[in-house]
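These notes concern the structure reproduced below.
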Amino acid sequence: MAPHQEKKLAEERKYHNMQNGTKASQGQWGRAWEVDWFSLASILFLLMFAPLIVYYFIMSCAQYQCSLTAPLLDLLTGNKHLADIWNRTPMLTYRAAGIYSLWVTFQVFLYMSIPDFCHKFLPGYVGGVQEGAVTPAGVVNKYQINGLQAWIITHVLWFANASFLHFFSPTIIFDNWIPLLWCANILGYAVSTFAMIKGYFFPTNAKDCKFTGNFFYDYMMGIEFNPRIGKWFDFKLFFNGRPGIVAWTLINLSFAAKQRELHGEVTNSMILVNILQGIYVLDFFWNEAWYLKTIDICHDHFGWYLGWGDCVWLPYLYTLQGLYLVYHPVQLCTAHALGVLVLGLLGYYIFRATNHQKDLFRRTNGHCRIWGRRPEYIECSYTSVDGTRYHSKLLTSGFWGWARHFNYTGDLMGSLAYCLACGFEHILPYFYITYMAILLTHRCLRDEHRCSSKYGKDWERYTAAVPYRLLPGVF
């Protein structure tokens with residue numbers, strides 16, 4: 001090893017040791033520094049079983065018509081053995097590997113090589129180079145925001161192919177669904193492992209690394225806060241938004257094409273799932289600059305939780321409604337369809353309006369009106385790792401006066417609408433609302449633990465002013 005590299009590593013190790021000895025009062029906030037037994041047990045469970053859960057859901061649809069209980073009953077009664085199920089599972093193919101490699105390469109190209117032009121002609125859209133939030137070490141990163149542009153280019157090419165180019169069938173994703181699952185797993189594990197190695201040996205910013213001393217926790221939750229290659233390739237922004245979320249709407253379109261191929265029509269339930277989830281995806285990319293201020297970018301380090309989760313968990317389990325409707329086409333009555341549409345749109349409105357209120361409040365530093373009145377807020381302050389003192393305001397007006405995470409309430413309403421579009425014959429489509437309820441409740445608790453460490457007594461004042469988390473008067 002070269003002398004200058006040894007010196008750099010020695011300095012970084014010294015810094016890490018200093019960091020692990022720093023008291024919370026000096027500005028520790030963000031990811032955990034110490035791992036209790038419950039956290040470790042939870043992480044080991046997820047590392048072992050999350051990939052099996054994804055496989056079980058996809059296999060249940062492919063082999064058991066989306067029944068979640070039939071595979072277990074077959075195994076328990078001896079009708080089938082694990083080897084029988086595994087042997088019927090499609091393996092990795094050269095075709096799937098080629099499709100997936102081309103897909104990821106194309107998304108990297110769109111992310112890195114084409115500066116955003118949408119902000120130049122779309123009123124209200126914020127794209128191009130934008131600044132993120134202050135990291136725990138006091139760093140402000142810059143990002144190239146061009147997700148909406150990537151989504152538009154990708155979908156224009158998709159529809160051009162489906163309409164007149166005909167290079168491949170619109171059902172290509174469904175037809176290679178399980179072989180593509182193995183590709184996604186390979187990428188998810190590869191990028192997570194690389195991120196951990198990078199955090200130890202060549203971090204982008206050593207001051208924003210955290211080491212607990214527990215291998216499994218560090219692998220799962222990540223070491224580096226913002227791992228990057230070069231100036232612009234940011235792991236968190238790329239994998240959180242691309243390739244998984246860009247693919248979300250393409251996956252649903254492929255499922256709709258397969259439903260039409262198999263059953264001769266696209267049902268209104270499939271159309272509803274495509275529309276409502278399409279709105280969610282478009283909202284994500286329209287507000288990608290705002291996303292830089294959310295928990296994923298502002299607080300989570302990049303590890304297996306985000307790397308594998310964005311590559312596998314998101315595209316495979318967030319699209320279960322469309323997959324289910326391929327195997328079980330549901331034609332909803334008018335009242336049911338309208339109810340689902342209204343619930344989904346109302347949930348989206350609450351989700352977006354709530355986030356808009358906070359964004360407006362931040363951008364104007366409180367000099368604005370929410371619901372026709374000057375906003376109320378709690379003055380607070382916090383200290384970054386480098387000792388810099390920052391001041392902030394916690395909004396207590398509008399939807400943020402109803403509950404501390406009312407945007408999550410709208411998100412849950414939309415999630416429920418996706419599931420209700422699938423009818424009531426099977427429980428599989430309802431995994432999504434169950435998972436989102438657990439995820440968002442856990443996020444509430446994580447966020448509030450982080451904010452309590454960050455703001456101290458100011459946070460106690462805030463929770464006294466806004467006592468409920470998700471449901472006013474309930475929780």
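Glycine is treated like the rest: Cβ placed from N, Cα and C.
Copied over from TrEMBL:
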type: TRANSMEM; residues: 37-58; note: transmembrane segment
type: TRANSMEM; residues: 92-114; note: transmembrane segment
type: TRANSMEM; residues: 148-168; note: transmembrane segment
type: TRANSMEM; residues: 180-201; note: transmembrane segment
type: TRANSMEM; residues: 237-257; note: transmembrane segment
type: TRANSMEM; residues: 269-286; note: transmembrane segment
type: TRANSMEM; residues: 306-326; note: transmembrane segment
type: TRANSMEM; residues: 333-351; note: transmembrane segment
type: TRANSMEM; residues: 415-440; note: transmembrane segment
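Counted over residue pairs separated by six or more positions, the transmembrane segment (37-58) shares at least 3 Cβ pairs under 8 angstroms with the transmembrane segment (306-326), which defines the two as touching.
Sequence-remote contacts of a segment are chain residues at least 6 beyond its ends whose Cβ falls under 8 Å from one of its Cβ atoms, and for the transmembrane segment (269-286) they are 125, 147-148, 150-151, 241, 245-246, 248-249, 252-253, 255-256, 259, 318-319, 321-322, 325, 329-332, 337, 340-341, 344-345, 348, 351-352, 414, 417-418, 421-423. If one looks beyond the transmembrane segment (180-201) by at least 6 residues along the same chain, the residues whose Cβ comes under 8 Å of a Cβ in the stretch are 9, 51, 54-55, 58, 91-92, 96-97, 99-101, 104, 173, 209, 218-219, 222-224, 227, 235, 239, 302-304, 307-312, 315-316.
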